[in-house]
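What follows is one structure encoded as structure tokens, with my remarks underneath.
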């Protein structure tokens, strides 16, 4: 009689089912991991880190350890509160939270000296701005990279004559071994302080009990020592690795430039072609990465120049002027004149349509929004004027400016002491290459009026830009502020002076800057970039560059930046003309016989809103507004230790974030670890035993045997 066959081992199907169940349990655990993390940690989403920057000689900025730095939060509201952090507190390291008004050099020096007890620093942005001023920049900006040196005006080198930024404390140029973050959201700051009060506040001087509120900051930087070191490492990686790990990038972007009369950009001007240069800077910075409002240090001046360019372009005889005018907006001037030094380099090498020998005169706008008694100061270089020819040219330049200012009562042009040097300015880089007649227009005769130079406080409030509370955002956009009127007056003086410097004689009085243009530009750059006017002047694919807040003017390493694009398109729309081309023709004008891409740039912009206020009327704008590379020549030449050109780089990083959570005592952490380890061992033993006895525990049911007849 036949019998049914049966196996003594575990059924493979049962083992497969066991593996499937184990996988499902593991997957469920992973899926629940994020949920558990959200219950433990509160992420801080509106923060700005201090990052590491490097140059030819050293590194500045901040960083955390590779796994982030964690510390018990302690709020410092007055100087005495530091004692707990530096000596008395029993649970170091501490994460210090302080209001921005306490963010001073003296306090930072104390923290820097006790790094074993400091995990990091969180700075809450508070208002109003410190009345005494705050500037983390140095007192002599761009020292060593301007025109003055031991061989050229040694008495003016290193700001021996004038400390231009007298309030500068140099914090932004220090190196800190712990992370420092700016808290930009007031609500997040309140959450942190509430957590501190609930868990960390000591009673009667005694130590608080666990759990304690802690903060963790991640900002580990990949680059170290200097630009030469990090660029060399990146170069080696790029040469020998399939997937190179770049550790730093040069600070770079694009200069924005345009010509009053179009020129062929595929060649260079003839030697006898004369060009008047009107220049200003686009960038600023602060202690924190990509927080650079730059209202007085940058925005007011480039807004004024945009308005002057618009006014000059409307002059009736602009196409017949004997000399051309070039408007230039330099990027990276904060970091040792990146933009201007690159343009001078390209001019010298014949890589730019305008050559140095074509420059007839140079008019630069410095800081111009904080004038006192209506005064605008005309700064010149005393050293180059030792040459009689240059002195006569400068005298003619100043006389032209004074004549132009005479028709604008709201602007009083003044000459500082003739032996006074130039303030930090792009003109200095041109003077290093060639003696030219130039002037820098500024609201200060000596040290800066700007108490918040290159700081988080150089905002709209610093230049008195404010709006009535009852107005809507659209009404704010078109509300002409007193600051806009004042800057429009300066733009009118500049426009008329440029008209006369270009050889114009008949229509100087018709050159008039529009306060409406100035107020729209100020609102867009300092209050809300995502507004109807900025939307109308940009390409559709650039809409994402417009946020609901102000634009930031840090040069960065990814380019072009938001500011660069918006300034380019603002310049194009203010000085260009709308041409009757289709979208396809605008994007490829070479197919249109009457158009010339060597002379003009063509942009298909969104245009103004249709009457139904939902659709836009796109159009093609033809202008001479272009971009030119603003990368220091040091990186073109691989001279990473250069003292001639800027060598600033920005370190790369993997993770930038901040979060708070409750931290247990060391004893409880040890107990938890021990129990967890015990459970792990027990689980492994149980798993081993089950696996060893699987043939007994998981016996497959016998199949019914075959029946014999």
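The chain as shown is numbered from 1 upward.
Cβ atoms are placed via backbone N, Cα and C, with glycine included.
According to Swiss-Prot:
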DISULFID  50-62  disulfide bond
DISULFID  140-159  disulfide bond
DISULFID  195-213  disulfide bond
DISULFID  230-248  disulfide bond
DISULFID  586-620  disulfide bond
CARBOHYD  55  N-linked glycosylation site
CARBOHYD  200  N-linked glycosylation site
CARBOHYD  204  N-linked glycosylation site
CARBOHYD  264  N-linked glycosylation site
CARBOHYD  387  N-linked glycosylation site
CARBOHYD  417  N-linked glycosylation site
CARBOHYD  435  N-linked glycosylation site
CARBOHYD  506  N-linked glycosylation site
CARBOHYD  530  N-linked glycosylation site
CARBOHYD  562  N-linked glycosylation site
CARBOHYD  580  N-linked glycosylation site
CARBOHYD  612  N-linked glycosylation site
SIGNAL    1-33  signal peptide
TOPO_DOM  691-709  topological domain 'Cytoplasmic'
TRANSMEM  670-690  transmembrane segment
- Note on the structure: Its Cβ having more other Cβ atoms within 10 Å than any other among the disulfide-bonded residues 159, 248, 586, the winner is 248
- Message: Checking your reading of the structure: which of the recorded positions 204, 213, 387, 580, 586 lie inside a 10 Å Cα sphere centred on residue 435 (N-linked glycosylation site)?
- Response: 387
- Integer Å distance between the CA atoms belonging to residue 204 (N-linked glycosylation site) and residue 195 (disulfide bond): 19
- Task: Provide, as an integer number of angstrom, the distance between the C-alpha atoms of residue 62 (disulfide bond) and residue 612 (N-linked glycosylation site).
- Result: 51
- Going by Cα-Cα distance, pick out whichever of the recorded positions 200, 264, 387, 586, 612 is nearest to residue 159 (disulfide bond). 387
- Message: What whole-number Å value do you get for the CA-CA distance of residue 417 (N-linked glycosylation site) and residue 387 (N-linked glycosylation site)?
- Response: 18
- Message: If I take the Cα of residue 50 (disulfide bond) as reference, which of the recorded positions 204, 213, 230, 248, 580 has the closest Cα?
- Response: 248
- Looking at the glycosylation sites 55, 264, 506, 530, which sits with the largest number of other Cβ atoms within 10 Å of its Cβ? 55
- Taking only the CA atoms, the spacing between residue 530 (N-linked glycosylation site) and residue 562 (N-linked glycosylation site), expressed in whole angstrom, is 12
- Message: I want to verify one value. Collapsing DSSP to three states, which class is residue 195 (disulfide bond)?
- Response: helix
- Message: Can you give me the Cα-Cα distance between residue 620 (disulfide bond) and residue 562 (N-linked glycosylation site) in Å, rounded to a whole number?
- Response: 21
- Sparsest-packed of the listed disulfide-bonded residues (50, 62, 140) - C-beta count within 10 angstroms: 140
- Message: If you average per-residue pLDDT over the topological domain 'Cytoplasmic' (691-709), what number do you get?
- Response: 67
